[in-house]
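Q: Have a look at this one before I ask anything.
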């Protein structure tokens with residue numbers, strides 16, 4: 001049994017880069033996955049006080065149901081201005097961080113994959129052992145996002161503009177997966193999995 005905290009690999013990338021797809025491959029290898037976006041949405045739609053603060057700030061009204069329409073309406077309003085983004089981050093991220101810390105403390109595996117879009121923007125990279133960047137051509141990134149979310153190109157560009165640039169993100173990377181060929185991606189994930197298991201040995205003692 002593991003008796004100390006896991007080696008933390010942060011997976012980051014822009015919208016539509018394919019983070020969730022690659023995280024799924026890691027999960028097939030039994031690696032614990034923590035997805036900040038999923039946790040954020042669950043908290044936002046389950047904590048009435050947080051959601052009401054957001055609705056009042058943005059001047060919008062929508063269902064409390066955690067459905068796709070509500071998420072799209074909310075995201076469109078949030079990314080209309082920098083002040084809205086900063087406001088959401090200020091009230092939501094402390095709660096999300098607390099939840100993530102609790103999840104990590106209960107992990108019984110040598111390492112975890114923490115999927116977060118705002119790793120660099122929020123200075124969260126200081127809390128991880130290694131950074132895995134998922135990189136993709138901007139045109140593919142935009143097309144994927146439009147098809148997945150059924151939104152306009154302008155909406156996707158707004159979100160991209162609020163995120164750190166591709167070039168700067170890559171400067172933080174210890175490891176990079178170029179998300180183009182799925183068969184190559186799987187092979188790369190398997191290679192990284194072995195490497196992360198090796199790296200994590202420095203951080204663990206096993207209670208036999």
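Here the Cβ of each residue, glycine as well, is placed from N, Cα and C on the backbone.
As annotated in Swiss-Prot:
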- 16, 17, 18, 19, 20, 21: ATP binding site (BINDING)
- 8-208: domain 'DPCK' (DOMAIN)
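How about a rundown of where these features are and what they're close to?
A: Under a cutoff of 8 A between CB atoms, and with a sequence separation of 6+ in the same chain, the neighbours of residue 19 (ATP binding site) are 11, 12, 13, 115, 117, 134.
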Q: Which three-state DSSP class does residue 18 (ATP binding site) fall into?
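A: Note: residue 18 (ATP binding site) is coil by DSSP, not helix or strand.
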Q: Pick the one among the binding-site residues 17, 20 whose Cβ has the fewest other Cβ atoms within 10 Å in this structure.
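A: Among the binding-site residues 17, 20, the sparsest Cβ neighbourhood within 10 Å belongs to 20.
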Q: Report, as a single number, how many Cβ atoms besides its own are within 10 Å of the Cβ of residue 16 (ATP binding site).
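A: Cβ-Cβ neighbours of residue 16 (ATP binding site) within 10 Å number 23.
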